[in-house]
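Q: Residues annotated as domain 'Lactate/malate dehydrogenase N-terminal' in TrEMBL: 25-167. If you look up TrEMBL, you'll see Gly31, Ala32, Gly33, Gly34, Gly35, Ile36, Gly37, Asp57, Asn116, Ile139, Ser140, Asn141, Met250 marked as NAD(+) binding site. Per TrEMBL, the feature substrate binding site maps to Arg103, Arg109, Asn141, Arg175. Annotation comment: TrEMBL describes 169-336 as domain 'Lactate/malate dehydrogenase C-terminal'. Residues or ranges marked as active site, proton acceptor in TrEMBL: His199.
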Amino acid sequence: MLTRSAARLLSTQTRAFSTSSARQTKVAVLGAGGGIGQPLSLLLKIDPLVSSLSLYDIRGAPGVAADVSHIDTESTVKGYTADQLDEALEGVKVVVIPAGVPRKPGMTRDDLFNTNASIVRDLATSVGRVAPEAHILVISNPVNSTVPIVARTLEKAGVFDPRRVFGVTTLDVVRAARFLGEVSGNDPKNTVVPVVGGHSGATIVPLLSQNAYGKAISGEAYAALVRRIQFGGDEVVKAKDGAGSATLSMAYAGAKFTNALLRGLNGEKGVITPTFVKNNVFADKGVDFFSSNVELGQNGVEKIYPIGPLSAEEEKLLEACLPDLKKNIEKGYAFVA
Ligand SMILES: NC(=O)C1=CN([C@@H]2O[C@H](COP(=O)(O)OP(=O)(O)OC[C@H]3O[C@@H](n4cnc5c(N)ncnc54)[C@H](O)[C@@H]3O)[C@@H](O)[C@H]2O)C=CC1
Ligand SMILES: O=C([O-])CC(=O)C(=O)O
């Protein structure tokens, strides 16, 4: 049975299908056989803005492709094995990367660096060579470091365009809306808040003061809500008890962000969402990448919005975020250098 969120996504996408004569797009998922990759492939198969789906993994992708390909939507699906990465990337416009290992209880996202850094670097090298104009959506953790790794790898290949490389932080935005909805007794569609910064612990900065219901939360309830948003990932890791981290909510968030990008690429105006991209928001503090609201358009990132007015508590959260984020970014850069 579809979750309510998935059903809403499906109905939104179906509406987009019936009202637009959009150009359609070839999308690749690298890591399609995994916990995120499988449901993400399913959700992309039902996105009418996807014309063709290219599913790659070092194991299992042809099976996932055969399964998903029976769904009665127009797009075509093909699976590729370990030695077929170049073929998988032929002609793709958007590449989503959930390849890599997930956390187990007791680990931080940074503990995944040693394994995932080289996976992401090698995949980015191939994308840079075969599909240099593709938009790359990085899900693999630690996002604060893997996105700089992708950027530097493409830079070295001479094909980096900051408008086309995105860290997917949508799950933080999804969680913030859901958790604020829960504590304030509202539908999450009315409790959307920007979440800025990065994607781990203290680098995740929810700007609750920018939503009327969020602004009304104070004291211990405020502290608990911020903590839950910052450490929502740990909640899932603990509950899964060694079986991995968020996969279903992440697939939803990944499909939601991909759909937002595709709408922008297709010329829709006013598609605005936070994402972790290279920008100048805190360049004066030596922080090259920062998630804040971005308008997505035909070239990818069209406009980066300032983070807006902050409460005193949010100023403190931001102060705690920036040094950690800077370290994570530098660690990613150093890996490629
Ligand atoms: N950005 C975010 O908000 C979130 C990120 N994640 C991250 O996403 C990543 C994937 O998580 P899961 O899907 O749960 O893990 P998983 O272990 O279930 O799946 C990962 C898949 O990647 C594949 N893979 C490994 N090396 C590869 C390579 N070189 N090329 C292609 N595929 C390769 C594996 O075969 C596997 O199928 C983890 O790093 C996790 O921390 C997870 C949740 C949220
Ligand atoms: O917590 C993890 O390791 C996975 C993740 O990034 C999240 O759920 O936000």
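Including glycine, each Cβ sits where the backbone N, Cα and C put it.
How buried are the listed features, and what sits near them?
A: Look at the domain 'Lactate/malate dehydrogenase N-terminal' (25-167): DSSP puts its residues at 61 helix, 29 strand, 53 coil.
Sequence-distant contacts of Gly31 (NAD(+) binding site), defined by Cβ-Cβ distance under 8 angstroms and a gap of at least six in the same chain, are Gly37, Tyr56, Asp57, Ile97, Pro98, Ala99, Gly100, Ile139, Ser140.
For Arg175 (substrate binding site), the number of other Cβ atoms no farther than 10 Å from its own Cβ, over all displayed protein chains, is 25.
Neighbours of His199 (active site, proton acceptor), defined as other CB atoms within 10 A of its CB across all chains, total 27.
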Q: Taking the binding-site residues Arg103, Arg109, Asn116, which residues show a Cβ-atom distance to ligand 2 below 6 Å?
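A: List returned for ligand 2: Arg103, Arg109.
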Q: Please work out the number of neighbouring Cβ atoms within 10 Å of the Cβ of Gly35 (NAD(+) binding site), leaving out its own Cβ.
A: 19
Q: With respect to ligand 1, which members of the binding-site residues Asn141, Arg175, Met250 satisfy a Cβ distance under 6 angstroms to one of its atoms?
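A: So the answer is Asn141, Met250.
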Q: Compute the C-alpha separation of His199 (active site, proton acceptor) from Asn141 (substrate binding site), stating it in Å without decimals.
A: 9
Q: Whole-number answer please: how many Å between the C-alpha atoms of Asn116 (NAD(+) binding site) and Arg103 (substrate binding site)?
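A: Rounded to a whole number, the Cα-Cα distance is 11 Å.
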Q: By the count of other Cβ atoms within 10 Å, pick out the sparsest of the binding-site residues Ser140, Asn141.
A: Asn141
